[in-house]
Amino acid sequence: MRRLVSLAAASVAMGLTLTACGFGGDDDGGDGGDGGEGGSTSLDLLVPQYSDGTTALWEEIIASFEEDNPDITVNLEVQSWDNINDVIRTKVQAGEAPDILNIDAFSGFAKDDLLYPAEDVVSSETMDDFQESFIENASLDGTVYGLPMIASARALFYNQDVLTQAGITEPPATWDDLLAAATAVSELGTGVFGYGMPLGSEEAQAETSIWTFGGGGSWTAGDTITVDTPENLAAVEFMKTMIDAGATQPDPGATDRTPMLDVFVQGQIAMAVGLPPTIGQIEERNPELNYGIAPVPTQDGSPVTLGVADHLMAFRNDDDKQEAIRAFLDHFFSTDVYLSFVDTEGFLPTTMSGAEGTANAERFADFLEVLPEAQFYPSTNEAWAATQGALQSLVGQIQTQDAASVLQQIQASADNA
Amino acid sequence: MTTQTETRPVRRHSRRPRGGSSRWGTLGRALPWLGPTLVLIAGVVFFPAGYMAWTSFRDLSQFGVDNGPAGLDNYTRLLEFTALSRVLTNTVVWVVGVVVVTVLISLGLAQFLDKAFPGRRLVRLAIIIPWAASVVMTTTVVYYGLDPFYGIINAFFVDIGLLDRPYGFTRNAVPAFLTAMGIAVFVSLPFTTYTLLAGLQTIPTDVREAAQMDGAGSWATYRRIILPLLRPALAVATIINIINVFNSLPILQVITGSIPGYNADTTTTLIFKFIRADRQIDTASALSVVNFLIVLAVILVYLRVVRPMRED
Amino acid sequence: MAATTTSPSADPAVLQVDGGRPARGSRGRRRVLMAVAGGVIALVFVLPYLVMLIGSFKSRAEILQVPPTYLPQEWLPSNYVDMWSTPETPLPYNLVSTIVISVCATLLVLAVAAPAAYYTARFRFPGRLVFLLLVLVTQMLQPTVLAAGLFRQFVTLGINDTWLAMILVNSAFNLSFAVWIMHSFFAAIPRELDEAAALDGASRLQILRRVTMPLVWPGVVTAIIFTFVACWNEFAASLVILTTAENQPLSVALTKFVGQYESAWQYVFGVSIVGIVPVVILFALIEKRLVAGLTAGAVK
């Protein structure tokens, strides 16, 4: 009885506050807070942090945009890559998506029917300027939703001095060459490891994809995710061979990509798969490193690489913002603004005018060369996000477990999604 | 003074407030004292808690769009999760191990810091630091120090000959889990020690002196006199530790986050693997509800067995 | 009684209770031994932060050098100047934000929790246990999981991205431990004290302020530190509720130094050190209260 009374009191108190909170109210108080006075529009822009210059770069772009469009204000929110998925999920769940988002994958949002089709939010000139392969990768069921924003590809970085020391004259082109070269380096006994294999949760899906694509494998067949296939198994088994032969750094299963590349930059790992920004890191950290860039070794030596594109996308929140969004995105993709972004962040451009105008053409020649052979993640497949997560958190187990059973576990996660 | 020492301070003090005997009357008198707490909790906590429970019965897309009711699907998916038993075992080891070790060390530390010695103030200040620092940062710096390549702690072990070459403390499930437990104890010590220290301060010196005069040895004095008087502080410290350690996310996330598989996961870190890796917010909500029920049950059992409130 | 007496040899330094009266010389030696032991303990607790402090003086390249250096080859105190004006985050604002949120939330918690703790410790009333349990239950919820609901709630209330929202969140979620900690201390105070005061005709509030409060200072101080530290380091809710960079606390600002391919660890460590200092100062200021707790109350 006593308990009942106090429970009743508690629930009355709760009821009062909830009423006061106006919970459940679908009053459009969402954007009432920030200045929607007169004809002015405000846009929320959520972006990830690519480098320490990202915030400043966006602020510059926004300033020049607001100068041209005094009736539009853009609210910038920058989040680290570690956190941006949590932030965007919370916002979407609460029905408070930003107006424009910059992130890797767009398909989940498109599936949830949250996005404007790309052609509704950029001019046809902007639309026509995107390179064909990227547009394909930004479409879902024939409609383009993502605006390919920046791209990167992977290539093999090798330490020339260490390879020479180990008697290797040419960068490896096939898996067998790679195994031989890496083993030779490890056997030097200098403490330098042959090949850096990052299967920690940070980017295990990238390293694995490089191997499976290089063995002619694929993550999809039609509409289904296919992890446990003979080609993929052969690739993963070869990865395990590398590990068992001592050709990699210790504990590859729990090594993350970024720290591994740091170690490569400092000359303690002879070969590793890197990205365009790796060049900048070497220049900054260890300019004396005598290194070269070669296509990623594959099973038979034919060139394949993993391509990755990040996208901009526009959320359908209020119809009256569509024009403002279009103005901003067109501004962003105008050649000068776009190149300032891509060149400063050190990525590959996704537009044709960008490819012509980029100041980094020479610097990134090795990557631009392999880009036509690039394969992408099947990120338009609904189950890919979960598959990628499963790859990140499970594939490193090949260090201690049988490759086939690890792939089966990942396949199970994909089937469950 | 005499009355004070003769009173066992933990004796039950509850009594009914003076005045009207009706239940509503007493409740009415309690409300001004308790009301603000209730309002704040009801206003801020109830909605998100209810929201969490509600989403555990919904079918949510990977970005949180609601696709309708899911019945018990999310809970069924949990039961079908293959690594569940390992994760539950880890959780028990994690909570029991960390809390027991923390409390034992803290009892010793509090006793030590209760005595006067030169520099005590500085030692007390030093002990507060792990508390002042954010858990994430403490964990990050240890993780950094234990890195096999650029870690200072690992390099130190090699330099003093303890290791032949750097060891991957944070690269394999078992050593990483133990490392995480060590950090969890480390960051829990300041609060626990201080609660116990504060508890010791409320024990009048003459109580101890009286005991000493009886001729009781120090261990006997401690066990029979001090420990019982410390009971309220000890109970609160233990409860808070159980809850905090159970819900602790950052330590395991930083230390074991890059390790593949579920061998180093507790139910709390599993929630985040569901959210981040598997993109199953709804399953994660279901696990959160289960997680909450587990800790609630543990605390209820604890309260029943230990009876820190001395209610009956 | 005497039969159960055990020798104090178990661990004299730790267990022996003050009040045994050894000869002067051995007492002096024991104090030295204790000071040495204290020094060792202090070192253990400080060590990780020493690593942090030293790292914060290293250059961006050296901090990830393989093999590592113990001491910086080049000391860069300038890191502590530069970090206030980095492009990543407006750090001075972040510090102010952290201070405002933590101080306000701690005061609010104290104001709300102290009466509740006092009343539940002093009086028996229907639902007393239910109340204490309800309060405790709020703490058992995993804050990170609640962030989604909190965000939604504050958007509806229209106070998203404000300090007020975070003050409320921090207060509500730290209330329970504050109530429980203070409750246990209020409960341990001999009630004869306030009975005597009541006979003098003091009101309940006066009793609380003049008689009980001084006696429970150790508990109140523990609760204050606990609350303040928890608010100071809160991350999960701030991350989603505070969207403007200037409003975000240090805990969120720190993550901005961790980039996709490169991280400014020297700043991460430096900012962490800066974040520790105010809490230690706060503690140094009120620590005396902890020691003085009992004596203050006994002197009437």
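Every residue gets a Cβ built from N, Cα and C, even glycine.
Quick caveat, the model's predicted, so the values are computed rather than measured.
Annotation comment: TrEMBL describes B:88-302 as domain 'ABC transmembrane type-1'.
The feature region 'Disordered' is assigned by TrEMBL to B:1-23.
Annotated transmembrane segment per TrEMBL: B:33-54 (among others), in sequence order. Only residues 6 or more beyond the boundaries of the transmembrane segment (B:33-54), in the same chain, are considered here, and those with a CB under 8 A from a CB of the stretch are 285, 288-289.
Tertiary neighbourhood of the transmembrane segment (B:92-113): same-chain residues 120, 123-124, 127, 177, 181, 184-185, 188-189, 192-194, 196-197, 199-200, 222, 226, 234, 237-238, 241-242, 245-246, 252, 266, 298, selected by CB-CB distance under 8 Å and a gap of 6+ residues from either end. TrEMBL lists B:92-113 (among others) with the feature transmembrane segment.
Look at TrEMBL and you will find B:125-146 (among others) tagged as transmembrane segment.
For B:173-197 (among others), the entry in TrEMBL reads transmembrane segment. Residues 90, 94, 97-99, 101-103, 105-107, 109-110, 113-114, 127-131, 135, 138-139, 142, 146, 167, 230, 233-234, 236-237, 240-241, 244-245, 248, 251-252, 255-256, 259, 261, 263-264 of the same chain lie 6 or more positions beyond the ends of the transmembrane segment (B:173-197) yet place their CB under 8 Å from a CB of it.
Counting residues 6+ beyond its ends, the transmembrane segment (B:233-255) has Cβ neighbours under 8 Å at 91, 94-95, 98-99, 102-103, 106-107, 135-136, 139-140, 142-143, 170, 176-177, 179-180, 183-184, 187-188, 191-192, 195-196, 198-199, 202, 227, 264-266, 268-269, 272, 291, 294-295, 298-299, 302-303, 306, 308 in the same chain. Residues or ranges marked as transmembrane segment in TrEMBL: B:233-255 (among others).
Proximity of distant same-chain residues to the transmembrane segment (B:284-303), defined by a Cβ-Cβ separation under 8 Å and at least 6 residues beyond the stretch ends, is recorded for 52-53, 55-56, 58, 60, 74-75, 77-78, 91, 95, 238-239, 242-243, 246-247, 267-268, 270-272, 274-275, 309. Taken from TrEMBL, the feature transmembrane segment applies to B:284-303 (among others).
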